[in-house]
Amino acid sequence: MMQPVQRTLPLAMAGTGARVRLVEVTGNQRSARRLAELGMIPGSHLTIMNDHGGTLLIAVGDTRLALGAGVAHSVLVSALD
Amino acid sequence: MADLTIALAGNPNVGKSTVFNALTGMRQHVGNWPGKTVERKEGQLTLGTHTATIVDLPGTYSLTARSLEEQIARDFIIRERPDAVVNVLDVANLERNLYLTAQLLEMEVPLVLVLNMVDVADARGLKLDQPALAAALGVPVVMMAASRGQGMDELKRVLSQLIASAPAQARGGIA
Amino acid sequence: MTVAQLTLPTAQVSYDAPIEAELERLVELFALQPTLAAAYPLRWLAVQIFEGDEGLLAEVTAAGGPSLSAEITASMQRLQARYGEDLDITLVDQRYRFVHALAGKVLTRPGSVHDLTMSDRVDKVLTNRFLGVPFFFAMMWLVFKLTTDVAGPFVDWVDGVINGPISNWVIGLLGVLGLAGTWVESLLVGAVLAGVGGVLVFVPVLFALYFALAVLEDSGYMARAAFVMDRFMHRLGLHGKSFLPMIVGFGCTVPAIYATRTLDSPRDRLLTGLLVPFMSCSARLPVYVLVATIFFPAQAGLVIFGLYLTGVVMAIVIGMLLQKTLFRNQPPSPFVLELPPYRIPAWRTVWVQMWSRTASFVQKAWTIIFATSIVIWLLLAIPVRGAGQFAQAEMDQSAFALLARGVSPIFAPLGFGNWQSSGALTTGFVAKEVVVTTMLQTYHLDGGEAEGAVPTTFIEDVTGIFTSFGTAVVDALKVIPQMVGLNLGAAEDEEEFVPEGLATAIQANFAASSGGHAGLAALAFLVFVLLYTPCMVATAAARHEFGPRWIWVSIVGQFGVAWLAALIVFQGGRLLGLG
């Protein structure tokens with residue numbers, strides 16, 4: 001695989017207020033696709049707005065999404081800049 | 001007897017039902033899609049000498065038939081071939097809303113874009129170049145603030161024009 | 001000005017060259033199949049196949065045979081070699097690129113996409129990790145007050161109009177026709193009007209509920225509620241989205257069961273559907289109000305709120321149990337939900353929703369309620385013992401009492417083994433709203449309801465209808481400031497709308513069947529009403545959605561749960577020396 005050299009971590013670990021780049025959605029192919037259709041495509045920028053006991057509120061462009069803890073763990077991201 | 005069918009498509013939460021209510025008034029019928037428990041709303045709209053049946057498709061983010069709602073919306077457009085699809089978008093979240101529009105373009109149906117929530121977009125200072133969008137896609141674009149009733153007359157005017165210009169065209173392929 | 005023509009859009013999403021080449025190839029092959037060419041836009045069809053649509057692939061294979069199927073597989077393999085297994089994500093990605101370029105051309109924004117919007121700022125407060133849950137409960141409390149206190153005066157008004165002027169007119173009219181005091185009068189007043197009243201009394205409650213739901217939905221708060229409650233719902237093996245049907249369940253179980261359709265997996269739908277009936281539906285509310293005001297006049301509000309809470313707690317317990325037993329090995333589906341920006345609800349949309357949902361409930365409910373009222377009236381009218389004549393039978397000698405007595409031993413350990421209660425619970429399977437109607441009907445005769453105190457004229461009746469409506473509006477308005485904690489001193493003392501005779505009759509009856517623990521028996525009765533098998537319509541809806549097998553789990557299971565819970569309340573309370 002031609003994975004770029006970058007450290008990835010689950011979105012769930014990124015912390016409130018973090019701005020990150022989506023690298024890939026692991027696990028369930030169906031949920032990867034649903035996330036993509038909502039704008040969470042590899043390379044897109046996400047901001048974690050809020051963390052409610054593991055459930056995240058994130059911003060992708062103008063869209064605000066609630067992601068359950070399970071989903072948040074399946075999304076791999078890398079730090080911006 | 002309605003002689004035209006117009007489908008309303010769009011993402012959830014874009015004010016589609018407000019547009020639907022404004023177009024049909026109280027002349028609407030709420031039922032279920034055949035064999036499904038998803039609500040099906042349709043109503044009548046008089047446009048000059050024509051009567052159009054407006055069918056409110058379920059709100060979806062995509063049209064790839066991964067959920068029941070998507071399947072209903074997709075099958076209606078592909079199999080029933082409505083005379084036009086009115087795609088309601090939230091201008092304040094244009095990019096994600098245009099994703100559905102991109103899929104509608106692939107379905108080769110006559111399309112009208114309604115850019116709703118211009119009031120919200122204005123408040124955020126968003127500026128949309130309406131002629132540029134209309135030219136880029138080759139479809140009529142109506143700006144609207146449905147909750148205030150703005151743009152509704154323009155939409156009706158565009159729909160009347162559509163009908164007047166070419167009735168019964170692009171109505172092949174009825175399964 | 002836009003130039004409108006009924007022509008097809010000119011733009012098309014263009015994909016990378018390798019994808020376009022394969023699309024073109026497939027379109028050419030599809031065009032050779034007349035059935036496909038007649039039914040589908042071919043480029044769209046090719047895109048769907050690349051996205052992995054199995055239904056369409058099967059259709060194409062059926063039309064084109066194995067050679068076409070082989071061509072498709074070859075195309076897919078070439079693309080997957082280049083883009084990886086997830087070809088569908090690649091297509092989504094490229095569509096987004098097209099859209100991104102387009103949006104960049106037509107939209108200019110003053111700041112950055114990362115600037116906080118007004119809605120984000122509101123969310124910082126309303127979905128705050130500490131404030132979010134308290135705020136959510138405050139909202140639920142408001143909805144609850146709206147459906148009880150604000151709708152209450154209108155419920156009384158509807159009730160008053162039907163039992164007052166309208167009954168009088170019917171009786172007067174029958175007098176003119178020479179039918180006064182006959183079984184016809186009994187049928188029209190005791191069954192037909194009672195049935196109509198049973199449905200109409202609901203309208204203010206449902207109106208208030210659907211108003212609240214529409215406002216919550218349209219303002220964008222409903223999605224926040226799902227976000228805030230997700231962690232909690234996770235413990236039930238569900239996620240935040242299941243909260244929506246649960247909230248709808250407070251209105252009516254039937255739409256709530258249908259609302260489970262919005263969930264992603266069959267497992268989530270079924271589990272939610274099994275828990276929804278524990279959310280106390282609005283049809284049970286009149287029963288609580290009637291019984292609670294008779295037995296606990298000072299704490300009626302608290303008792304009712306406690307019942308709602310008990311339902312929620314039971315759902316939690318049952319949810320956890322189901323998760324550890326029937327739903328072992330089945331994890332909940334991933335939770336993804338858009339939070340739309342907050343906005344002022346469009347009042348027209350709210351109105352249309354309130355109206356159409358209430359109307360559809362009335363349409364569905366009235367036949368059943370009407371039919372039950374008449375059946376109950378008939379059973380009550382047929383004397384099976386003693387010397388009564390048809391429609392003149394002593395209440396406790398009627399066919400209804402005979403049937404209900406047969407059932408009542410089941411409820412004896414719960415403290416309400418009297419035939420009136422078991423009769424009301426039995427008809428409650430048909431529709432929860434007839435529990436009260438049945439209680440009123442069965443107690444009606446012993447109640448010795450005073451004949452209309454002062455004879456009124458038609459004009460007085462008509463003006464009375466309007467002035468009492470005015471009073472109802474005023475009463476409802478007085479409640480609103482109280483909901484936010486202001487007490488304007490008015491509307492304080494609850495108007496006693498339970499007829500005096502009825503209250504004493506019910507009290508005496510419960511005292512007799514419970515060996516003197518009337519209060520405990522009443523509480524056990526309320527808990528039973530809260531938890532037992534949902535109505536026939538809800539059961540039919542659940543059968544439609546989940547299949548016959550689950551219905552029995554629901555019917556028998558819920559009856560058992562309700563019976564046990566009521567037993568614990570009654571016998572436990574007695575052991576503790578309460579009541």
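Each residue, glycine too, has its Cβ placed from N, Cα and C.
Predicted automatically and left uncurated, TrEMBL annotations should be read as such.
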Request  = Could you tell me which of the ranges C:166-184, C:394-412 is annotated in TrEMBL as transmembrane segment?
outcome  = C:166-184
In contact by Cβ distance (the transmembrane segment (C:365-384), the transmembrane segment (C:191-216); 3 or more pairs under 8 Å) = yes
Query = In the same chain, who gets a Cβ under 8 Å from the transmembrane segment (C:365-384) while lying at least 6 residues past its ends?
reply = 183, 186-187, 190-192, 194-196, 198-199, 202, 390-395, 397-400, 402-403, 427, 430-431, 433-434, 437-438, 441-442, 536-537
Remark   = Across the domain 'Nucleoside transporter/FeoB GTPase Gate' (C:199-292), the model's average pLDDT, rounded to a whole number, is 84
Query = For the transmembrane segment (C:302-322), which partner among C:166-184, C:270-296, C:550-570 gives the most CB pairs under 8 Å?
reply = C:270-296
Note = Lying 6 or more residues past either end of the transmembrane segment (C:550-570) yet within Cβ distance under 8 Å of it, the residues of that chain are 270, 273-274, 277, 310, 314, 318, 410, 413-415, 514, 517, 520-521, 523-525, 527-528, 530-534, 539, 542-543
Key: Outside the transmembrane segment (C:518-538), six or more residues from its ends: residues with CB under 8 Å to it   = 252-254, 257, 277-278, 280-281, 283-284, 287-288, 291-292, 294-296, 303, 307, 310-311, 314, 364-365, 368, 411, 414-416, 421, 425, 428-432, 435, 507, 510-511, 554-555, 558-559, 561-563, 565-567, 569-570, 573-574, 578-579
